[in-house]
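Copied from Swiss-Prot, the annotated features are:
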ACT_SITE  144  active site
BINDING   143, 147, 225  Zn(2+) binding site
TRANSMEM  4-24  transmembrane segment
TRANSMEM  36-56  transmembrane segment
TRANSMEM  151-171  transmembrane segment
TRANSMEM  199-219  transmembrane segment
């Protein structure tokens, strides 16, 4: 789950920077006023650019954000068990051995991230290692390995790129129309006023459309959680996965943020399930029992 939260946060930051750059390009070239095709090309480049940069940076940013320590050589029995378990599961699903890290946090969580199936990261909290049995922790690791095997981060990147492109294109197309309408009605405003109108309208619309698009992003995240749970059940047995989710119900809410949250084992609560990156634990447990 930590991995989705970080991905979305990074993507948002990149999108804000790209939005400012796009507005500067508009002010200098005026390409958006006369060419919808030019706007579409820029929307695709900048929309997918933000997602791809987020994906490429996800592994290093995730480690830095949680202060994770990569296990190079196991120093104790727990670290040895972690490496052996992840290695075995990675071989079972046919992916390269992920980098394994531990980060200090009281909440029971873990996350996976990385741009490629054969160059990924699995990080586990100290809270999870201290609070879960080995069987439960094994199920959590299987859940994260399943995320990697399913290529969820790649799919999320492609989907986010499409969403970003739509948000950029539609917000600027509407902003063009509004700025053109207001500048013709207020001739004394001049080019500076027209650009300010465009900048304000496009920024507000990007934020609004981006918020609405998050419903789609969160739906995808919830959908993939069920698949990762099912993948873990195939690797270690559904009873272990159910036991791990039952244990999570006793713990505190996840402290993971950004893209990391979406690909962690547990998510944050929200006023509405539509804005949750993870389905309620009860629904996940019921789905496993029905397998």
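Yeah, the Cβs are placed from backbone N, Cα and C, and that goes for glycine too.
The most densely surrounded of the binding-site residues 143, 147, judged by C-beta neighbours within 10 angstroms, is 147.
Here the Cβ of residue 144 (active site) has 29 other Cβ atoms within 10 Å, regardless of which shown protein chain they belong to.
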